[in-house]
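I have placed the structure first, in the form of structure tokens, so that the comments after it can refer back to it.
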Amino acid sequence: MAKVLVIHGPNLNLLGQRQPDIYGTTTLAEIDRRLVALARAEGAGVDTYQSNHEGAIIDRLHAAQGRYDAIVLNAGALTHYSYSLRDAIAGIPVPVIEVHLSNIHAREAFRISVIAPVVRGQIGGFGVDSYLLGLRAALAIAARASHADPGGSDGAASVTDEPARRTPSGGASPRQRARQRRP
Ligand code: DQA
């Protein structure tokens, strides 16, 4: 069964009351409920986590290795300046999908994404649906990974010194597979 971790960053615990003109009126609890319902309908598992603390989120990313097939991340304002978060994402083999309720590119100039270069993709501007689309993308990535390598990689073909790491659903990480394909 594919397992996905959804991480909500700073201030997202205030959803429902926070700038409803931008972020809508749906609470975080309701978003989590809809994510769990979608995962269940797709035969997958999802865990959700919210923190207002950069280090706590980084710890969760590190701990996701070997436990989750993919991560859906709304990093809130950390998106715009956290190189620690960017390095954490780049440092783990678990694919990360960046999501935002609002379209950050249509807002203030400071709302750039410093994590965009190290995530698998970005979904934004669709409100709660950004999360649900992010979860669908995560499940598609997990399905592709287990389809490409249903028994799991034994690492024998690896030309790198990266230790053999398996995704929870059995496949090698996308980065490992890319490296293994190199001559
Ligand atoms: C956000 C966009 C960020 O710019 C902002 O700081 C947030 C929420 C979004 O979901 O639209 O906290 O990530």
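Note that Cβ sites are derived from N, Cα and C of the backbone, with glycine treated the same way.
These numbers come from a predicted model, not from an experiment.
Taken from TrEMBL, the feature site 'Transition state stabilizer' covers Arg18. Taken from TrEMBL, the feature active site, proton acceptor applies to Tyr23. Per TrEMBL, the feature substrate binding site maps to Asn74, His80, Asp87, Leu101, Ser102, Arg111. According to TrEMBL, the active site, proton donor annotation covers His100. Per TrEMBL, the feature region 'Disordered' maps to 147-183.
Among Asn74, His80, Asp87, Leu101, Ser102, Arg111, the residues given in the record as binding substrate, the maximal Cα to Cα distance rounds to 24 Å. Each of the binding-site residues Asn74, Ser102 was scored by other CB atoms within 10 A of its CB, and the lowest score goes to Ser102. Counting only same-chain residues at least 6 apart in sequence, those with a Cβ under 8 Å from the Cβ of Tyr23 (active site, proton acceptor) are Leu15, Leu101, Ser102, Gly127.
Residues from the recorded positions list (Arg18, Asn74, Asp87) with a C-beta closer than 6 Å to any atom of ligand 1: Asn74.
If you count neighbouring Cβ atoms within 10 Å for each of the recorded positions Arg18, His80, His100, the highest count belongs to His100. Checking each of the binding-site residues Asn74, His80, Asp87, Arg111 against His100 (active site, proton donor) by C-alpha distance, the shortest gap belongs to Asn74. Shown in sequence order, the list is empty: the chain has no residue 6+ apart in sequence with a C-beta less than 8 angstroms from the C-beta of Asp87 (substrate binding site).
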